[in-house]
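The transmembrane segment feature in Swiss-Prot is assigned to 15-37, 44-66, 81-103, 105-124, 134-156, 163-185, 205-227, 261-280, 285-307, 320-342.
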Amino acid sequence: MSTNLLESTPPFTQLRTGVLQKYTPGLLLCSIAVLIAMIVNHFFSGVSPLIVAIILGIILTNLIQLPASTSPGITLASKKLLRLGIVFLGLQLVFSDILSLGFPMLAVIVCIVAGGIFGTILMGHLLRMKPTQVLLIACGFSICGAAAVAGVEGVTDSEEEEVVTAVALVVIFGTLMIPFIPFATKVLGLSPEIGGMWAGGSIHEIAQVVAAGGVIGGGALGVAVVVKLARVLLLAPIAAILSFRQRRQGYTSPDGKRPPVVPLFILGFLAMVVLRSTVALPDEVIAAGGFLQTALLSAAMFGLGCGVKIQNLIHVGVKPFILAFGSTTLVTSIALAGTLLTHLG
């Protein structure tokens, strides 16, 4: 009877049931982690849910052996949901806000990203590290943290361990920058505006920039976020350039497909930027987009955190940490020098 019932089930229904059974356990675990991260953020607003989520993933995967049934859903979150989160990230950007920074500061931001990437690649070459690992760290530290790592990973042949290492380093060094930039701003006697621009130009994750800008105070938060979002906008051309380079080199993915000239999620990101900049969206829509972006990226961060085995991180050696320190120092220095030059006199 059961065999006849199964045979009589429409193929689409069978497929849908199979997909649900495959991904539900992992996605349910990610959802619980996102809920916990959101609750922590509600009571401690200075703590990013993205950081909480990745820490939860790291702790959980190193304390217990996760059931194999959760693996497909966790992998889906760390890849597909992350890219969808990047699409909704575009709703945070408004061209007019970025243009209000003025040409000199926009030129500085381009120098921060370009100088950070090329300088980090040079340091990685001197350290004789694998080029794909170097590129992930360079873009993550120079553009927008884990989202940039994911964006670059989507157009290169990076290994999973390299992605996880780059994200872990972004979390570690970006978190250390939260108290450092406000402290250095005070020691150097910088104004809140300059301190905010410095924070936005040097710190890796948007959430980390928000935390540092809030500590600096005096209006630093607003300008810090705008500068940071200007860096985020450069993810699109960088990803497109890297994808084009991969096509020129004849790279194909494991399924035999060549990378697109411009990744689909980058086109979605740009579409959201254009939508936000040209259409007067209701506050409710913007808020919903922000919530979706945070939830999706938090789920992705939890998924990436579940791939961080402390033992494996120890085995990668000291070179990635040296490169991360060098990249952070370089980006921070360019951001400070450029910001000061644009505000002389």
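Quick reminder: no glycine exception, Cβ is built from N, Cα and C everywhere.
Beyond its flanks by at least six residues, the transmembrane segment (81-103) meets 30, 109, 146-147, 150-151, 154, 206, 226-227, 229-230, 232-233, 235, 263, 265-266, 268-273, 275-277, 281, 286, 289-290, 292-293, 295-297, 299-300, 303-304, 342 of its own chain at Cβ-Cβ distances under 8 Å. Long-range contacts of the transmembrane segment (320-342) within the same chain: residues 102, 104-105, 107-108, 111-112, 115-116, 119-120, 123-124, 127, 129, 133-134, 137-138, 141-142, 165-166, 169, 172-173, 177, 181, 194, 197-198, 201-202, 204, each at least 6 residues beyond the stretch ends and with a Cβ under 8 Å from a Cβ of the stretch. Of the Cβ pairs linking the transmembrane segment (285-307) with the transmembrane segment (105-124) and spaced 6 or more residues apart, fewer than 3 are under 8 Å, so the two regions do not touch.
Tertiary neighbourhood of the transmembrane segment (44-66): same-chain residues 29, 33-34, 36-38, 74, 146, 167-168, 171, 175, 205, 207-208, 210-211, 214, 294, 297-299, 301-310, selected by CB-CB distance under 8 Å and a gap of 6+ residues from either end.
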